[in-house]
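Participant: Reproduced below are the annotations present in TrEMBL:
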- B:9-63: domain 'HTH lacI-type' (DOMAIN)
- B:322-344: region 'Disordered' (REGION)
- B:325-335: compositional bias 'Polar residues' (COMPBIAS)
Number of protein chains: 2
Amino acid sequence: MNTAAKRPLTLRDVSDACGVSEMTVSRVLRNRGDVSEATRSKVLAAAKELGYVPNQIAGSLASQRVNLVAVIIPSLSNMVFPEVLNGINQVLEDTPLQPVVGVTDYLPEKEERVLYEMLSWRPSGVIIAGLEHSDATRAMLSNAGIPVVEIMDTDGKPVDAMVGISHRRAGREMAAAILKEGYEHIGFMGTKMPLDHRARKRFEGFTEGLAKAGIEIEDRAFYSGGSALAKGREMTQEMLERSPDLDFLYYSNDMIGAGGLLYLLDQGVDIPGQIGLAGFNGVELLQGLPRQLATMDACRIEIGQAAAKIILNQTMDTPDPDLPNQVTLTPTLSFGDTLRRRRR
Amino acid sequence: MNTAAKRPLTLRDVSDACGVSEMTVSRVLRNRGDVSEATRSKVLAAAKELGYVPNQIAGSLASQRVNLVAVIIPSLSNMVFPEVLNGINQVLEDTPLQPVVGVTDYLPEKEERVLYEMLSWRPSGVIIAGLEHSDATRAMLSNAGIPVVEIMDTDGKPVDAMVGISHRRAGREMAAAILKEGYEHIGFMGTKMPLDHRARKRFEGFTEGLAKAGIEIEDRAFYSGGSALAKGREMTQEMLERSPDLDFLYYSNDMIGAGGLLYLLDQGVDIPGQIGLAGFNGVELLQGLPRQLATMDACRIEIGQAAAKIILNQTMDTPDPDLPNQVTLTPTLSFGDTLRRRRR
DNA sequence: TTGAAAGCGCTAACAC
DNA sequence: GTGTTAGCGCTTTCAA
């Protein structure tokens, strides 16, 4: 094993070390073409002995093939996105493709920068969260000449492929479920994030759903920053002081919902009798609360898997033309212990 | 804007479009050397018009410079690691360096694979979690000829630079604090992860700390998989049924600690009078629980920042030789509401 | 089964 | 200020 490599080793070094042409060394290292078992093992031994690590930069330039998949997401703190990544990883695990993650912080300009940066590495595909992008971003995506999958959301028109759920519908269905249980005085709490289009669409769907029954949200509040659990507590307290007649609270995510739940249990409020609660996402994290919060699963893993499969399919020599490239998954509503009202 | 690029554009295309040599176009696009304002704007206009995206693969090969920093961590689900990433991002944000993340799932073989994969892109530096690696991994790290920062842990000898906390000491200090409050019958709960060396070291430090006072852990339990909150609940219940005399429970992470806390509050146990509790990590996530869990901050953001600064410094033309490359941060103990025993 | 030549798209180094 | 030349370290292609 080489102990002090200042200059990284090249194929040339391996070639010299074992007396086999660079070309053949290259073939051995990539398992390409027929190489006699004798030379093969000679080369492998030399490469290992030297501690040779191939230079993918040179390799990719020569072969015009890059085994990277750009994955662009708004955040890593949200738990939702790491789970999507897990789905992607699962599918790409035993393939030559490798995901490379970029984070946008929900900022369109940063999304643009990150995408540009990643495209300059000429990846084999792009998986990007959301359907709303700047014109420049959309242009880059459609001109890149590689498969593009927009994920998480299906309320809109994709550049190429699309995998996700309808957040608008999710909001509507939650509204319907709440009304069906007999709740009528509804408050909403969410993040103050004009650029979180999925949260916005859920909210819109929700108000639509209520409107069909002639009902309006009676109070609402938005937060930004800080611990979601703590915010859920605070906001719930404030809202109920302001609007004591509310009998249902819909939270835009499970974490603030959990904060609200803990607060109300502290206060000895009867849940779901006096007040019902629901969140969104179905984060496994929260199993283990004193009561299970009603929520709607966002199909994160499945989304990641389906997106990765679409990219993978396109990189194959003979892509399956039947693999759908518009996938709408259906989130399931779990009632938990906070939505089924005991009849009065 | 080009609308149907099958073949990606090259510098050549831009050069042709604006009648300026490739070399000058390259200079403009990289803000290198003196270029007259006239040609400059001509080139920029042409590049934008065509939608040209530079090919970093070719660029890096030619310049022998790659602005990537390999970041290798065990997991993305642990929240701890995304926070470290945030610290790294903050520092690298306005530099040419770009982090690229690889995940090992706590598996040494996978760590080896991921590192090999990343090194083959010839990054400018490596930030890798932990000090325990396979021989092959260590060899690759020391032969790579680039700065390497091992993070999170400082109980051991690094290949090159190191930034973290002493988990052994963290364990010892927690033991001391607990004893000082007068607790004597102590149980431990943690993850069943022989490869999580930091958790192991904390545990070792903890038992050492107790041993100095002639005290031994009276019960212990380990879990794997599932929702940590739920596991904390279950395990706490089981442990107290098995060992009803315990007066303190030390959890290897805040999430299971929170589960235990919620369970005990449900049961109406007096905390911290009858039973005291502590976790580890200081996850902001949990602010908002009915009681604040005692914990120890793992300095995640700071670790990320310091590590990135070390890499950044090394990539500069004239690195500051005084920047320390062994940084041991000191975690702070927060007592919360679950460790200060009311005197009996 | 193996090797030699050419070139991937860009930039360092040097001319002009 | 701008252009020319010669590679970077591989793989493709074709010849042996």
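We number each residue from 1, going along the chain as drawn.
Cβ coordinates are placed from backbone N, Cα and C, and glycine is handled just like the others.
What TrEMBL says about a protein is an automatic prediction, not a curated fact.
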Participant: Do any residues, 6 or more residues outside the compositional bias 'Polar residues' (B:325-335), come within under 8 Å Cβ-to-Cβ of it, and if so which ones?
Facilitator: 149, 154, 158, 160-166, 170, 173-174, 177, 282, 292, 294-299, 302-303, 306, 310
Participant: Quick one: average pLDDT across the domain 'HTH lacI-type' (B:9-63), no decimals.
Facilitator: 96
Participant: Under DSSP, the domain 'HTH lacI-type' (B:9-63) has how many residues in helix, strand and coil?
Facilitator: 39 helix, 0 strand, 16 coil
Participant: How many of the residues that make up the compositional bias 'Polar residues' (B:325-335) does DSSP mark as helix, as strand and as coil?
Facilitator: 0 helix, 5 strand, 6 coil
